[in-house]
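Below is one structure, written out as structure tokens, with a few remarks after it.
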Amino acid sequence: MAISDMPESTGTTATTATMPHGGSDLRRRHNATETTEVSDSNSKTTDPDSGNSVRESVRVRDSSTDESLARKSCEDDGSRSEVVIESANPVTNGNDGGEKIANGEDRRTDFAAVKLAYRPSVPAHRRIKESPLSSDAIFRQSHAGLFNLCIVVLVAVNSRLIIENLMKYGWLIKTGFWFSSRSLRDWPLLMCCLTLPIFPAAAFVVEKLVQWKYISEPVVLLLHFIITTAALLYPVFVILRCDSVVLSGVTLMLFACIVWLKLVSYTHTNYDMRALAKSIDKGDVLPNSLNTDYPYSVSFKSLAYFMVAPTLCYQTSYPRTACIRKSWVVRQLVKLIIFTGVMGFIIEQYINPIVKNSQHPLKGNLLYAIERVLKLSVPNLYVWLCMFYCFFHLWLNILAELLRFGDREFYKDWWNAKTVEEYWRLWNMPVHKWMVRHIYFPCLRNGIPKGVAILIAFFVSAIFHELCIAVPCHIFKLWAFIGIMCQVPLVLITNYLQNKFRNSMVGNMIFWFFFCILGQPMCVLLYYHDLMNRKGKTE
């Protein structure tokens, strides 16, 4: 056998071992009765490049185990040492061993090769390498183990905090803690919610009238404006008049805002399809060049599907799946119940005691207010993450599965957002697509600058955030509106920092701090204390 090991950083030839005649008795033991037979007929040959070399004919009974052991031992940084074991001039001694060698199965690795590969003269340091945690190599390494460690530590710490909370305060959750008897008696809000489908039906009638050319385009726009405005103001009037509980009011306002957004998309899309149909009839545009259905038609079935589908952007047809996975739906429903319970536990056991034992963040001691905000930030973040998972992942996917709705990109990887602007583009895809389709690009097509178009989009978002929170709480101090509009300077700041430092980790940490650690807990405290002050005055 010729065994050669050629180090990368040395210019000398490999070490050549010359073994005496008949002196290479290599014996291996895998079991007590299993041995390796070594042929004594070895011949010396001369290598024209490196001098002397030894060629041996070795017959091994169990070579697969030895090969795997030798390969594992020869690995250094993912690259194996160049250990070559050749057998030339195969010798037959009456058995089939010579035939196997002649057939190409003579390249085997044994423990002798490993011993020669790691001789003291072989260099151990062959190239320049960085430490895994150095600044140049840390982002090229896999940190799955550290991630698992963080999860273990997080579970351990939170388990201790839960046990400590239960020992200190006891079980604070009451039966029916989210659905009180008063919320069940809010029948005006329930009736208002049940009558909301009247507005999509009215919009369909208007579209049918314009399709039959009974009314002109300006009349269509006026009627749609009245319908969409009434769909939003009607629930606001009912909530303010009935003085309902906050949860019932928030639910109704969310439904009303969704209906308004869908009606605007329905109206805008049909208007654009009518304009395209006229252009096609005139020959200005070819039907094949448009990614839309032609001829233009109004279908009640498409409107009904759109009103219940998990999307805010209307189109006549959607990508559909082949079937409904019933077992998958059941699993998601179980997850939805579990995470809703976790969210309720955190609210009752942590958030409510913290806000009850706090003072108004804009009044009193500044350090005490900062301490309350930071103490509230962690449970508030957990609730917000549970809310996101329950609604955007579980509920919307359940609804999409039941309706066989194909496009289920309800969110993207917003947790990796490097700027506030990127976060708003990733975390709520139904609203983002609606904003881009019906606010942002229409503004650009009408000559409005990009910065002003972004400002208008944030302004619309701020109005709806204020409606969904201020109306059910009966508090109109514009805290939610100001919070959303403050995102505009944060967009500029985080974009500037991202362009300056070119570091995604810095931008991501700034996003998490401003949005989840500072902003949301502050809004919770502001609305809670204003709500308690309002209740104190009314009582």
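Each residue, glycine too, has its Cβ placed from N, Cα and C.
Copied from Swiss-Prot, the annotated features are:
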ACT_SITE  HIS465  active site
COMPBIAS  33-52  compositional bias 'Polar residues'
COMPBIAS  56-80  compositional bias 'Basic and acidic residues'
REGION    1-104  region 'Disordered'
MOTIF     410-416  motif 'FYXDWWN motif'
TRANSMEM  143-163  transmembrane segment
TRANSMEM  187-207  transmembrane segment
TRANSMEM  219-239  transmembrane segment
TRANSMEM  244-264  transmembrane segment
TRANSMEM  294-314  transmembrane segment
TRANSMEM  334-354  transmembrane segment
TRANSMEM  383-403  transmembrane segment
TRANSMEM  451-471  transmembrane segment
TRANSMEM  473-493  transmembrane segment
TRANSMEM  506-526  transmembrane segment
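For HIS465 (active site), the count of additional Cβ atoms within 10 Å of its Cβ stands at 18 [all protein chains shown]. The secondary structure of the residue listed as 'active site', as reduced to three states from DSSP, is helical.
Distant neighbours of the transmembrane segment (383-403): 305, 308-310, 321, 324-325, 328-329, 332-333, 335-336, 339-340, 342-343, 346-347, 351, 410-411, 427-428, 516, 520; these residues of the same chain sit at least 6 beyond its ends, with a Cβ under 8 Å from one of its Cβ atoms. By the Cβ criterion (under 8 Å, sequence separation of 6 or more), the transmembrane segment (187-207) is in contact with the transmembrane segment (294-314), since 3+ such pairs are found. Counted over residue pairs separated by six or more positions, the transmembrane segment (451-471) shares fewer than 3 Cβ pairs under 8 angstroms with the transmembrane segment (294-314), which leaves the two as not touching. Within the same chain, residues 188-189, 192-193, 196, 199, 202-203, 206-207, 209-210, 249, 252-253, 255-257, 259-260, 263-264, 267, 271, 467, 471-472 sit at least 6 positions outside the transmembrane segment (219-239) and bring their C-beta atoms closer than 8 Å to a C-beta of that stretch.
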